[in-house]
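*Asks:* Before I ask anything, let me first share the structure, which is written out below as structure tokens.
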Amino acid sequence: MQNAPESVLNALVPMVVEQTAKGERSYDIYSRLLKERVIFLVGQVEEHMANLIVAQLLFLESESPDKDIYLYINSPGGSVTAGMAIYDTMQFIKPNVSTVCIGQAASMGAFLLAGGAEGKRHCLPNSRVMIHQPLGGFQGQASDIAIHAQEILGIKNKLNQMLADHTGQPMEIIERDTDRDNFMSAAEAAEYGLVDSVLSKRG
């Protein structure tokens, strides 16, 4: 059963009506855009959202393994493990995944933006990008806290290395620049190597 905010949100999603040989057919706008190989990654990156994105990526691969997929990102970030599920699927499937930042791509959102196919990562002109180190908090016995601290440090090093690979920046620059919240304009993100270009007009 849907909770009240979710049902209100779903009621606000526009519907598109199409004429087919079998009569009229209606889609919500996101399902219609999925037919055009467009996926929206919007809001907090968490497990449920990640599963939906992964399912859409796999579905579009099964439909046409040689056609690009377009992933539009407007996200403040979120769970590292959920984000890595999306990232690994982007790298795993055959189609190139072109990423486009609309609004913001922060934290894990920025990581997924940078993880798009080389030459096919873009920002719109007034979008913002933010990179930083992973956040973590844990309560419990001292030995368990130490274990979790080591895990977070390991994740931090792995994410930094992957960002270095995608941006072409040296590892020491990535480590310095992710030490605190680091905000960039679209042009700065392109200069840094997080994206390949800033798009003001289609085509």
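Positions of Cβ are set from backbone N, Cα and C atoms, glycine also.
This is the feature table in Swiss-Prot:
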ACT_SITE  Ser107  active site, nucleophile
ACT_SITE  His132  active site
*Asks:* By a simple count, how many Cβ atoms lie within 10 Å of the Cβ of Ser107 (active site, nucleophile), its own Cβ left out?
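*Replies:* The answer is 25.
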*Asks:* Tell me the Cβ neighbour count for the residue listed as 'active site', meaning other Cβ atoms within 10 Å of its Cβ, over all protein chains shown.
*Replies:* 16
*Asks:* Cα-Cα, whole number of Å: Ser107 (active site, nucleophile) versus the residue listed as 'active site'?
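*Replies:* Cα-Cα, rounded: 6 Å.
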*Asks:* According to DSSP, which kind of secondary structure is the residue listed as 'active site, nucleophile' found in, if we only use helix, strand and coil?
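*Replies:* Looking at the DSSP assignment, the residue listed as 'active site, nucleophile' belongs to neither helix nor strand, so coil.
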